[in-house]
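> What follows is a structure written as structure tokens; I'll ask about it next.
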Amino acid sequence: MTVCVAQAERGASELESKAMVKKSNDAALLVAHRIAEVVRSKPNCVLGLATGSTPIPVYQELARLHREEGLDFSQVRTFNLDEYAGLPPTHDQSYRFFMEEHLFSKVNIKPENVHFLSGLAIRAEDECIRYENALQTIGPCDVWLLGIGHNGHIAFNEPGSPRDSRTRVVCLTQSTIDANARFFGNDKSKVPTKALSVGIATIMESREILLLATGESKCEAVTKAIVGEPTNAVPASLLQRHPRCCFYVDEAAGAEVAETVTE
């Protein structure tokens, strides 16, 4: 596992860093440019994509690269990590809506090449099986972009999720509901309590994993994921076992990691 810490006005740490940059947004740009490299080298690549506020700058940069430099998405296939149970794709907090708004409507990706979990599936368990089978048939993902939750979750794999988990229906923890309430007008009662999510084993099959974390609020989770022992109590820590996983974190999110490694 490699750690890329975006630092401001300080010497390089002893981390296995590939880049030292000054602005938080630069961590997102590094991720976007790595994804662009994969798209250029393998036009029909399979991308796993995340949602939430953290990857928005990544998608903005990918859209710019398409618009200004001709980055071609016409053969790219994509899978999203998860979806809220009960939300239609037209809901402004559904992850399909998010992807259309922030990336898919801005590049030349083909609708038949994008894959989502349906939050409205009558038989959610069957929908999860369908999605996992599609991933196994079309994938594995060449790159999977991840974020990290305050409690160390990846996708909606909450603490305690089995290492061998596959796409399934999950119950969200109260801490995740609390954290996501900001997207629902700060009304916790409007946040779905269940979701459909790819599993840890599914993510680990990706050829490459890029985890992006920014801001002080993610510092504790990042530290546990990178410095602590791999444990399903902190799902992101299990990524340490992946041969090609890179954490891209800004100075705020990576502060304790840098201090731990350089002591």
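Glycine is no exception: its Cβ is also placed from the backbone N, Cα and C atoms.
Here Swiss-Prot flags Asp82, His153 as active site, proton acceptor. What Swiss-Prot lists as active site, for ring-opening step is Asn151, Glu158.
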> About how far apart, in whole Å, are the alpha carbons (Cα) of Glu158 (active site, for ring-opening step) and Asn151 (active site, for ring-opening step)?
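Per the Cα atoms, Glu158 (active site, for ring-opening step) and Asn151 (active site, for ring-opening step) stand 8 Å apart.
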> Please report the Cα separation of Asn151 (active site, for ring-opening step) and Asp82 (active site, proton acceptor) in Å, rounded to an integer.
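Cα to Cα, Asn151 (active site, for ring-opening step) and Asp82 (active site, proton acceptor) are separated by 17 Å.
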> Just the number: how many Å between the Cα atoms of Asp82 (active site, proton acceptor) and His153 (active site, proton acceptor)?
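One finds 12 Å between the Cα atoms of these residues.
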> Sorted by position, what residues of the same chain at least six away from His153 (active site, proton acceptor) have a C-beta under 8 A from it?
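Looking at Cβ-Cβ distances below 8 Å from His153 (active site, proton acceptor), excluding near sequence neighbours, one finds Pro159, Ser161, Thr173, Thr176, Pro235, Ala236.
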